[in-house]
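Reading through the structure tokens given below for one structure.
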Amino acid sequence: MAVESRAVSTPVPQNSQEQELILVKVEESRSWGQKLKQSGSARSCQELFRQQFRKFCYQETPGPREALGRLQELCYQWLRPELHTKEQILELLVLEQFLSILPEELQIWVQQHSPKNGEEAVTLLEDLEREFDDPGQQVPATPQGPPMPWKDLTCLGAAQEFTHIQRQPLKKQLKPWEPCLPPKSGCENNESAIKKDISGEKSQRLSQEPSFGGFSEHKSSLEWQQGSAPGETLRRSPSQRASFSPVIFTHKLLANRDHPEPQRNLILSTNSVTYQKVPTEERPYRCDICGHSFKQHSSLTQHQRIHTGEKPYKCNQCGKAFSLRSYLIIHQRIHSGEKAYECSECGKAFNQSSALIRHRKIHTGEKACKCNECGKAFSQSSYLIIHQRIHTGEKPYECNECGKTFSQSSKLIRHQRIHTGERPYECNECGKAFRQSSELITHQRIHSGEKPYECNECGKAFSLSSNLIRHQRIHSGEEPYQCNECGKTFKRSSALVQHQRIHSGEEAYICSECGKAFRHRSVLTRHQRVHTVK
């Protein structure tokens, strides 16, 4: 595999002063990046820098060179090329764009789970297994009748640019609600009429919209289709939430038969992508907390559970509760053993589609998540996160009983069973219980007689891999256990322990009949026969 480049191409500074400034910023950013990595807050800060980069306005700087420099700085702080590989940076950009194209209802749900990459976002959506009432509503584009009012479309920057839309430089500081219209041309009279029309609709609309920090939040769902013809259907695009900018580009639908031809040509010449707003009467149910609207009251009720934390769907088996019935259905497959998703390669079945997707990577050998420290690759980002704790020494999971910490939650759960005495894994044959599933699997080989570990030298098979390792030392002659006192070596650690009792004088095995002590259990066993004969 080729060595991954971590460089991000940026415009070259025009003078030495700018170059020195950028170098200082890079060094400060690297130093701060290490602190963030240690404190565990890098994720939230990365999101903050992303928002600052996307919301940055030209009017915040005195000139174009300063604006470009500030954008470079914000982009560097967001994407962190000194910490991330080229593939990881691309993953961040793809994830951002993927979230932006989701329907509104899914956007909110996925963002609350904070996926770290596109694979995690897809897994969340597949686990949801719920069809929304209006995932991609088809709305007819009817040019007949009165023109529909338009909401504002916030400028989102390079990652969400709309092709063929001409963006003109602004001559003054615009207010959040002030439209950016095309430059004056021969149709000045038509433009003034357009401005008046848009301004009238805007003033009526602003009184009804909530305000957040001085900016109007534009929640409308926009219908888009490039080069659409009358009567064709348009696909709904989600609102671009959390992107407020003083530079607002307003696109007004004037290409209807009630306007003169010059007016229609003026608008369509500056915007070859046609938009259409879903009428508000089709979404009469509005959330009082976040302002999202829904077609049906049941959809609003389900959405409000995000804010209230209500979980009305309870499992009859274990009592666990869920906010959606689809979650409960997925959970109940644990108890029923139903596995509806089957691998076409090996036939193995799973109870969730996301589990099947992860399993398929075993067959494809795909390992897209690579460790920057040692280069080891993993099929899932969660595996990479756990692996990186080896390098960082991070152990975020702490036992409340004894304070011992662990790098994985599963290890903490197993450890806590020492304190609780819980043994959840029970053998169906003899009823013996174990703390870990691996112990149960090993035990069941006693009943089944299975010996999956075979010696390549002599063909002898064993039920435990540790037994095979010890056996192979017979062929290799390896004796890894050495006595510190005399230097003698042994194949097994137990043999070394017994040998060390010669030097220490320890006699660990005591006869309960006469009190005589022995170094080896086998010697004690032979001695006890003396008492048995009597």
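Just so you know, the numbers here start at 1 and follow the chain as drawn.
Just so it is clear, glycine is given a Cβ too, placed from its N, Cα and C backbone atoms.
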Among 3-25, 49-71, 141-163, 509-531, find the range that Swiss-Prot records as zinc finger.
509-531
Go through the chain and flag residues at least 6 beyond the ends of the zinc finger (397-419) whose CB is under 8 A from any CB in it; none is fine as an answer.
386, 389-390, 435-436
Which whole-number mean pLDDT does the model give the zinc finger (397-419)?
90
